[in-house]
Amino acid sequence: MESTIVMMMMITRSFFCFLGFLCLLCSSVHGLLSPKGVNFEVQALMDIKASLHDPHGVLDNWDRDAVDPCSWTMVTCSSENFVIGLGTPSQNLSGTLSPSITNLTNLRIVLLQNNNIKGKIPAEIGRLTRLETLDLSDNFFHGEIPFSVGYLQSLQYLRLNNNSLSGVFPLSLSNMTQLAFLDLSYNNLSGPVPRFAAKTFSIVGNPLICPTGTEPDCNGTTLIPMSMNLNQTGVPLYAGGSRNHKMAIAVGSSVGTVSLIFIAVGLFLWWRQRHNQNTFFDVKDGNHHEEVSLGNLRRFGFRELQIATNNFSSKNLLGKGGYGNVYKGILGDSTVVAVKRLKDGGALGGEIQFQTEVEMISLAVHRNLLRLYGFCITQTEKLLVYPYMSNGSVASRMKAKPVLDWSIRKRIAIGAARGLVYLHEQCDPKIIHRDVKAANILLDDYCEAVVGDFGLAKLLDHQDSHVTTAVRGTVGHIAPEYLSTGQSSEKTDVFGFGILLLELVTGQRAFEFGKAANQKGVMLDWVKKIHQEKKLELLVDKELLKKKSYDEIELDEMVRVALLCTQYLPGHRPKMSEVVRMLEGDGLAEKWEASQRSDSVSKCSNRINELMSSSDRYSDLTDDSSLLVQAMELSGPR
């Protein structure tokens, strides 16, 4: 009798689950059907716009009466004219995210990071089965992470960090086999942590989580291994009779025994971590040993990197820089990486100090920053391991064929600027790059800018506005105050970024700007003179000039931003967040007008000439040469 009742209950539940599936299917089909004259992608996008507050009007050209949304800003379409990308990062948008986003059934990329969007993440988001990238970080989303996120089986990149999300980690996240990167850091999540399939993940900044799931005050679902399958009802399945009852008891006993074994192993690992003086803990993964910290920063063995790079063969050399050489490597699991072998590895401080600094750097995670994949440390060697960027650096691509078109150059400028904004204004503690140049801006598979080589940048103390140290950088990119006093600040990077913009405009290295036109004297004065005389055709890349494939207004705006960034006095230069807005067309006119009223640039031009543009002083240096000068000791404030 009892088994019959259980069976009836299961049949009833299965029936309702089937009805729910039919409802979901019908709603999905309804999203694909459209009455005559109605484009449901347009309808969905207009619903999204209606739920958002857009102070800068970036969505103004979204028109409800339009037939095709593919020409709208922030919208990307496929060759078949389906909307596959929605990207409105760092636009100061507020409001909520409309559930209508799920009617954009072909979406592959959603980038809404660095806004002020609040409310709950729509539970319907699990219907976007083609979604590959979802970035909702740095907003004000609250509530639980929808369980349906686990249905996104095509998702490879998921960032929900820096929100106000709460509740337990959905177990469905452990089933996302395609997920390569996951960041849930700095929320209010609680309970045990599932075993993520993502190779790289971060969960720091969630004080209520239970690392092992065995803590006595841990609330939520028990941590389970990925290989264990549970029935959807959560109750044992009886086929009837005492025999099945006994079988259930046996299975229950077995599960209980396995659970005790996992608890014992967890306690052992916890004990070993507590007794390990190292700040990292050992885990096994496949056929090799590695060490990881919270967030899955991996520690490599030196032998492993030797094998990966063919003993650091010159054939694998990708580039040389001020901090060391970079080699292409292939790991045992066929992952392609870039290995930076630091100069003077044995003299970069102790092991604990180095690991602590590396762990802090690894927390700087942003779409436009080169993610630190891992590190290696021995008594004589220190190495950093990064993802391999197949498109190389901006500097190398500027010299390659086909040349970068104007739209890509502008996208590179905005992307690099956003990466620097994160380092300066959102990273804690803040990071100064100190060597911003085209060679340190890498390009991912989609030609998006990724700022690299900030791995050993000095960290800003919260109580200091500058750092005094050895002057490191590339001639032509070094701000005058940094070169003369050794004081670096965020405005030092702003200066270097201004030079980077001119590199993008001219297609030349910093010291080549005036040589083509046989110009002598101060390079920035020459650029300013050309701009005043409205002869920007003398400045623009010859390859772009031949094809006339650039926007004259946008070119003029980029040169203006470059000149604002390279003003002599650091206090007159804009912040990087202001630079981003100006590159996007917001506030440039006001900033430019204010700079023209100031005569500080003209008063200091002679000083710039002395510090930066003496051809005799730097005759033996190229753009790839790194200048290392011991900074003068400062006796006190100046």
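Every residue number used here counts from 1 along the chain in the order it is shown.
Glycine is treated like the rest: Cβ placed from N, Cα and C.
Residues annotated as ATP binding site in Swiss-Prot: Leu318, Gly319, Lys320, Gly321, Gly322, Tyr323, Gly324, Asn325, Val326, Lys340. In the three-state DSSP scheme, Lys320 (ATP binding site) falls into the strand class.
Beyond the repeat 'LRR 2' (130-152), the same-chain residues lying 6 or more positions past its ends with a Cβ under 8 Å from any Cβ of the stretch are 84, 89, 97, 105-124, 158-176, 183-184, 189, 367, 426. The repeat 'LRR 2' annotation in Swiss-Prot covers 130-152 and rests on sequence analysis.
Taken from Swiss-Prot, the feature topological domain 'Extracellular' covers 32-248.
The feature topological domain 'Cytoplasmic' is assigned by Swiss-Prot to 270-638. When averaged over the topological domain 'Cytoplasmic' (270-638), pLDDT in the model lands at 75.
According to Swiss-Prot, the feature transmembrane segment maps to 249-269, an assignment based on sequence analysis.
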Long-range Cβ environment of Gly324 (ATP binding site), under 8 Å and at least 6 residues apart: Lys340, Arg341, Leu342, Lys343
DSSP-derived structure type at Val326 (ATP binding site), helix or strand or else coil: strand
Residues close to ATP site centre defined by Leu318, Gly319, Lys320, Gly321, Gly322, Tyr323, Gly324, Asn325, Val326, Lys340, Cβ within 8 Å: Arg341, Asp453
Greatest inter-residue Cα distance in Å for the ATP-binding set Leu318, Gly319, Lys320, Gly321, Gly322, Tyr323, Gly324, Asn325, Val326, Lys340: 14
Candidates Leu318, Val326: member of the binding-site residues with the richest Cβ shell (10 Å): Val326
Most Cβ neighbours inside 10 Å, all chains, among the binding-site residues Lys320, Gly322: Gly322
